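So the structure is just underneath, and the comments pick up after that.
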Amino acid sequence: MSTSQRWTQAQARALFDKPFLELLFEAQQVHRQHFTPGEVQVSTLLSIKTGACPEDCKYCPQSARYSTGLESERLMQVQQVLDAARKARDAGSTRFCMGAAWKNPHDRDMPLLEQMVQGVKAMGLETCMTLGMLNDRQVQRLAEAGLDFYNHNLDTSPEFYGSIVTTRSYQDRLDTLSKVRQAGIKVCSGGIVGLGEDIRDRAGLLVQLANLPTPPESVPINMLVKVKGTPLADNEDVDPFEFIRTIAVARIMMPRSHVRLSAGREQMNEQTQALCFMAGANSVFYGCKLLTTPNPGEDRDMALFHKLGINIERRTATQGDVAQQAQLAEELLTADTAHYYNAAR
């Protein structure tokens, strides 16, 4: 999936400056060169450990520094996670993403995280986790457990980043992505529109992502969900056309990546979402909640997909995947499963 093209800030800005309809037309042409039109990859995201995060990301209701009314929860039991994954699979999801509100996971939690990955993978689902920063050994353990994707967003441009987060550096994020890639895990990384950034920052974010040694296989583009109690609760609303522009530019700059229409869909009408799909978005989070914020329910999404003639992209398992799933399923059936019910931290 690597690409030899190196994007400049000026090139990205030129795309943002194109007339809206011309930009959408180009993005749709690029999209059709690499993906089946009218297909959308569907993921489900579960918060496996909620709140009490020590970081200061100004957009996040899970930070312990802000009074948002969110009740913190310890790491879920493994069986609870597997039950949620099974429901997601039965509802049509092909990837199950597990997110924990940590700066980084503790080594004591790694066996439980490995069991979650193995159990979800045994169901035939792709697996994704977002756990914060990882050390080399933690990355290797997740890779050996069979983790398919790791999410670690860059959030915004390097220049604007310090206005949003101070508890980890931009380089920390890039280093984590590098470790994940070197371990053979696919990368999921994107950003947020509506933090107070300008067009230069949106262009800068996409330049950073597109110029990674290998661009992310999955690029989530989030619209800020404003939560009372966070420093960004009173930010101005994002102009839908500017959000759609960001989707289109991401599609053109990262033609082989899945561009995910991520957080903020609950605030979008059907017309805005339709234009996002036209602009090259071909992945969504499916289910009524994204970590702690609202998301359209499955029934609403299926109704919209029907109106637009969109089909859910089916996962094609590799021979290695099938063999690993069979092995993991056998291990889960024969193992003493008592530890699945006593995994809370």
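Here the Cβ of each residue, glycine as well, is placed from N, Cα and C on the backbone.
Listed in Swiss-Prot:
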- 38-256: domain 'Radical SAM core' (DOMAIN)
- C53, C57, C60: [4Fe-4S] cluster binding site (BINDING)
- C97, C128, C188, R260: [2Fe-2S] cluster binding site (BINDING)
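Taken residue by residue with DSSP, C57 ([4Fe-4S] cluster binding site) is part of neither helix nor strand, so it is coil. When the alpha carbons of C97 ([2Fe-2S] cluster binding site) and C53 ([4Fe-4S] cluster binding site) are compared, the span between them is 19 angstrom. A strand conformation is recorded for R260 ([2Fe-2S] cluster binding site) in the three-state DSSP classification. Closest to C57 ([4Fe-4S] cluster binding site) by Cα-Cα distance, out of the binding-site residues C128, C188, R260, is C188. Summary of the [2Fe-2S] cluster site environment: with the site residues C97, C128, C188, R260 set aside, the chain residues having Cβ atoms within 8 Å of the Cβ mean position are S43, L45, R95, T130, F149, N151, S218, P220, F285. Put simply, C128 ([2Fe-2S] cluster binding site) is 20 Å from C53 ([4Fe-4S] cluster binding site) when counted between their Cα atoms.
If you measure from the Cα atom of C60 ([4Fe-4S] cluster binding site) to that of C128 ([2Fe-2S] cluster binding site), you get 20 Å. Here the binding-site residues are C97, C128; the one with the fewest Cβ atoms within 10 Å of its Cβ is C128. On its own chain, C188 ([2Fe-2S] cluster binding site) has C128, T130, F149, Y150, N151, H152, P216, E217, S218, V219, P220 as residues at least 6 apart in sequence with a Cβ closer than 8 Å to its own Cβ. The C-beta environment of R260 ([2Fe-2S] cluster binding site), restricted to residues of the same chain at least 6 apart in sequence and closer than 8 Å, consists of Q41, S43, G190, S218, V219, P220, I221, A281, S283, V284, F285. Listed binding-site residues: C53, C57, C60; maximum Cβ neighbour count within 10 Å falls on C60. Over the domain 'Radical SAM core' (38-256), the average per-residue pLDDT in this prediction is 92.
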